[in-house]
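Undergrad: One structure, as structure tokens, below. Some questions next.
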Amino acid sequence: MWWFQQGLSFLPVALVVWSAASFVFSYITAIALHHVDPLVPYISDTGTIPPERCLFGIMLNISAFLGVATMYVRYKQVYTLNPEKSKIIKLNKIGLTLGLMSCFGLCIIANFQKCILYYIHVVGACLTFGVGAIYMLVQTVLSYLMQPEVHSKDIFWIRLTTLLWCCSSIVSMFISSVVLYSGLYGTNLVQKLHWDPQEEGYTAHIISTVSEWSLAFSFLSFFLTYIRDFQKISLRAVVSLHGRTLYNAPQSFVTDEQTLLVAGSI
């Protein structure tokens, strides 16, 4: 059995690989069609003009679904490992809520392009990466509370390092974006897809775009730390049948039957 076949470890792997592919494929398409500059454009700019916009939207929507599945499995795992620790259970529920909000933000990014509905796109970005960073913080705290009984200290330090990487990228992107869009370098920069290195504001633009790519991959890297944990968990789906047929029947003839559908997976 390969390592990604153990438990549900394929989920975080699929989330990271698919999400990274959505960025890379839309970038390659946008570059090939000369829609953006080759040197570190905004991720959102690579998904603004058709046909890459269609590819970007479809792939990110699937990423959001994979994110929901991954975060739910993480929630069930932490809950099962700590059934009597109220503090951990409460943090775990908060983490799941934040994770679902982050995935919803990713759907907004996928379906509301930057150059069309800028402010809605920004709201989606804040939900995805801002709320997502808080999700990472909660999971890091949970890792701290569960070591060394549940797992080693190493995984806590790895998640903490990834969290600090994410936060530094957020700060860098926020400061450079505020400077860039402050009005010092012109107006309507949101619609600008091509930059000349000699233009004013180019340095702030590059710092902002590099920070955005750094932020995206720091966020994805956090889920790579789930792989070993997910190798030790599986979920089963059970369906309840309230009768042997789908015809309406008197209540006295209704019986409950449980049939195990899937073992070892969702």
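For all residues, glycine too, the Cβ spot is worked out from N, Cα and C.
The domain 'CWH43-like N-terminal' feature in TrEMBL is assigned to 8-233. Sequence annotations record features per position, and here TrEMBL assigns transmembrane segment to 12-35, 55-73, 94-112, 118-145, 157-182, 202-227.
Each of the listed features needs to be described in terms of its position in the shown structure.
TA: Using a Cβ-Cβ cut-off under 8 Å and counting only residues 6 or more beyond its ends in the same chain, the transmembrane segment (12-35) has close neighbours at 4, 41, 43, 45-49, 51-52, 55-56, 59-60, 62-63, 66-67, 70, 193, 213, 216-217, 220-221, 223-224, 226-227, 230.
For the transmembrane segment (55-73), the list of distant contacts is 8, 11-12, 14-15, 18-19, 21-22, 25-26, 29, 46-47, 95-96, 99-100, 102-104, 106-107, 109-111, 135, 223, 226, 230, 233, 235, 266: same-chain residues at least six beyond its ends, Cβ to Cβ under 8 Å.
Here the transmembrane segment (157-182) has long-range neighbours at 129-130, 133, 136-137, 139-140, 143, 189-190, 201, 204-205, 207-208, 211-212, 214-215, 218-219, 221-222, 225, meaning same-chain residues at least 6 beyond its ends whose C-beta is under 8 angstroms from one of its own.
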